[in-house]
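Swiss-Prot has this to say about the protein:
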type     : residues : note
ACT_SITE : R108     : active site
ACT_SITE : E116     : active site
ACT_SITE : R156     : active site
BINDING  : D113     : Ca(2+) binding site
DOMAIN   : 59-217   : domain 'TNase-like'
TRANSMEM : 20-37    : transmembrane segment
Amino acid sequence: MAPIPQNSSTEVSLLHPKVLLLSAGITTTAFLSYKFHQRYVTRLRTYLDITPKILDNQQKLYGYVTRVGDGDNFRFFHTPGGVFMGWGWLRKIPTNRNQLKDETLMIRLCGVDAPERSHWGKPAQPFSEEALIWLSSYVGKRYVTVTPFSIDQYKRLVARAQVWKWTGKKDVSAEMIRQGLGIVYEGKSGAEFGDNEALYRNLEAKAKRQKKGVWSLGKKMTTPGEFKREHYRGD
């Protein structure tokens with residue numbers, strides 16, 4: 001029996017431009033879907049979900065402030081994709097503390113140190129309550145964007161926090177320093193400023209000249225770092 005002649009015009013090689021184009025399209029779609037899922041679908045629940053890549057890329061995270069615990073830190077419920085992914089209308093943010101357990105990141109504001117509150121029977125610094133009240137009113141129960149830099153020894157995510165106000169997006173650390181309710185972070189290790197260190201120092205100098213907040217204390221003013229060294233030595 002004679003062999004059936006092959007029609008070379010119907011053969012398609014794996015290296016055919018159409019095959020290569022289709023393969024490239026499938027690969028690109030899969031990659032973009034993966035990146036979209038990572039950035040806009042996957043929730044980061046605790047510091048254990050923060051990868052080195054997220055820190056290296058300073059990947060912006062959008063979420064809701066569930067609680068302000070101190071003058072320079074707060075609890076953050078990650079809501080990837082925001083309202084476009086249903087947060088706030090289709091997907092509810094828990095309000096019960098038990099429901100929020102292991103579901104939030106502790107954010108430590110970068111570049112700023114607020115006056116120390118009373119802990120373990122130790123005295124509170126002047127303006128510590130004012131700083132807490134200010135931060136609570138500024139970001140509490142609001143959506144913010146955080147830019148992560150590192151994780152500190154207390155498992156907090158050190159980050160820049162930004163919140164929308166009527167006058168635009170505000171850097172929370174900068175606004176706290178502007179009000180004299182925090183000073184530029186003075187620790188020699190673990191300091192994170194992003195690209196705003198010069199701005200923070202200029203705002204601090206202005207608040208000091210205007211005697212705002214802690215700077216109204218004059219020579220009685222003690223920095224949070226000095227206060228901790230004096231009252232928490234050996235703890």
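Each residue, glycine too, has its Cβ placed from N, Cα and C.
Here the features listed in Swiss-Prot are painted onto the structure.
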| residue | record | Cβ contacts under 8 Å, 6 or more apart |
| --- | --- | --- |
| R108 | active site | D72, N73, D152, Y154, R156, L157, V158, A159 |
| D113 | Ca(2+) binding site | D72, G182, I183, V184, Y185, E186, G187, T223, P224, G225 |
| E116 | active site | K122, A124, Q125, S128, P224, F227, K228, H231 |
DSSP three-state assignment (helix, strand or coil) for E116 (active site): coil
Per-region confidence, the domain 'TNase-like' (59-217) (mean pLDDT, whole number): 95
Cβ-Cβ neighbours of R156 (active site) (radius 10 Å): 17
Secondary-structure category, per DSSP, in which R156 (active site) falls: coil
